[in-house]
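Taken verbatim from TrEMBL:
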DISULFID  Cys1-Cys11  disulfide bond
DOMAIN    1-32  domain 'EGF-like'
DISULFID  Cys22-Cys31  disulfide bond
DOMAIN    35-70  domain 'EGF-like'
DISULFID  Cys39-Cys49  disulfide bond
DISULFID  Cys60-Cys69  disulfide bond
DOMAIN    72-113  domain 'EGF-like'
DISULFID  Cys103-Cys112  disulfide bond
DOMAIN    115-150  domain 'EGF-like'
DISULFID  Cys119-Cys129  disulfide bond
DISULFID  Cys140-Cys149  disulfide bond
DOMAIN    152-187  domain 'EGF-like'
DISULFID  Cys156-Cys166  disulfide bond
DISULFID  Cys177-Cys186  disulfide bond
DOMAIN    189-226  domain 'EGF-like'
DISULFID  Cys193-Cys203  disulfide bond
DISULFID  Cys216-Cys225  disulfide bond
DOMAIN    228-263  domain 'EGF-like'
DISULFID  Cys232-Cys242  disulfide bond
Amino acid sequence: CQSNPCVNGTCIETSLGFACQCSPGYQGVQCQMGMYSSCARPCINGGTCLDTPTSFQCLCSPGYTGLHCQFDINECASNPCKSYGPGAMANCTQGINSYTCSCPLDTTGVSCEQAIIACQSNPCIHGTCSETAAGFACQCSPGYEGVQCQSEINECASNPCSNGQCIDLFSKFVCHCNYGYSGPLCNQDYNECASNPCVNGYCSHSPNDNGYTCSCFGSYTGTNCDAPLSNCNSTLCTFGTCIPTANSFTCNCANGFSGQLCDTGKIADTLFISILHYDNNFLNFNILSPSMCSRDRLCLIINSFSSVPPLKSMLLP
């Protein structure tokens, strides 16, 4: 009986070993069972049931209480999370045999018991940190924005270039203007006619690729009126000067000639001659028809032989 083998009774030494004399309400070799067991109704949430002489007892798992261990103990009831006044309240979340604190910005620890110096971790990436009641505030350096000054400002976001392309640089921007515009914001309409681009014509402002339009004089063409019209050649006007027009030409005839090509004589008794020899007031010539007097010869126009020399007029083609 030295080991007290009788759980709920008195031990008696016998020749065979020992015998238990059970207390009222218990039975069994070692008086370990109640006379009327009540543990047929189990203890919930992991609790352990013990019989008593008249009933039962639950040994509950941590975090539970109640006759049948049916209640979850509210670990937040004791307000374990430390708060620091309005605007700095800590929130407690209950768990199983535990709790969790949501701490204000300037505290940490299991129960928010440790104060945090907000600026100690350098939260302002591109700026200066200041302590506030709610934690910290950042004063951003030029060119940056955001709660922690983490973002570079896009100076082109407001589309500052009226008539051009915006190039975003650090803390500034540059405008590349479309043709015909100038100024820091491309809002100045450039006067392309100021440089007199129309060489042989009149300039007027125009919203085309060049920014201007040339109205050319009659004998010129091209964007800048710098190309003579090519409707003339050396043989078109027989006895006259060729003047080009937009799509054709006209002949300015020499004295004594007429016609569209200046190939008709209009003075009576006019002779067309080709000089063969002229020396000491002696003229040797051949009489030609107007069509034979072309620009590859030297032709003279006379009214009578008695007028030679001198000659009335000379045409040098």
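Note that Cβ sites are derived from N, Cα and C of the backbone, with glycine treated the same way.
Just so you know, TrEMBL annotations never went through curation; they're auto-generated.
The structure, with features from TrEMBL marked on it.
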{"residue": "Cys1", "record": "disulfide bond", "CB count, 10 Å": "14"}
{"residue": "Cys22", "record": "disulfide bond", "CB count, 10 Å": "19"}
{"residue": "Cys31", "record": "disulfide bond", "CB count, 10 Å": "20"}
{"residue": "Cys69", "record": "disulfide bond", "CB count, 10 Å": "21"}
{"residue": "Cys140", "record": "disulfide bond", "CB count, 10 Å": "19"}
{"residue": "Cys149", "record": "disulfide bond", "CB count, 10 Å": "20"}
{"residue": "Cys166", "record": "disulfide bond", "CB count, 10 Å": "19"}
{"residue": "Cys203", "record": "disulfide bond", "CB count, 10 Å": "19"}
{"residue": "Cys216", "record": "disulfide bond", "CB count, 10 Å": "20"}
{"residue": "Cys225", "record": "disulfide bond", "CB count, 10 Å": "20"}
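Of all Cβ atoms in the shown protein chains, 17 besides its own fall within 10 Å of the Cβ of Cys119 (disulfide bond). Computed over the domain 'EGF-like' (152-187), the whole-number mean pLDDT of the model equals 90.
Under the DSSP three-state reduction, Cys232 (disulfide bond) is assigned to coil, being neither helix nor strand. Each of the disulfide-bonded residues Cys11, Cys112 was scored by the other Cβ atoms within 10 Å of its Cβ; the lowest score goes to Cys11. Geometry remark: Cys140 (disulfide bond) versus Cys49 (disulfide bond), CA distance 65 Å. Across the structure, Cys49 (disulfide bond) and Cys216 (disulfide bond) place their CA atoms 115 angstrom apart. If you take the CA of Cys11 (disulfide bond) and look 10 A around it, you hit none of the disulfide-bonded residues from Cys69, Cys103, Cys149, Cys193, Cys203. The most crowded of the disulfide-bonded residues listed here (Cys103, Cys156, Cys177) is Cys103, judged by how many other CB atoms sit within 10 Å of its own CB.
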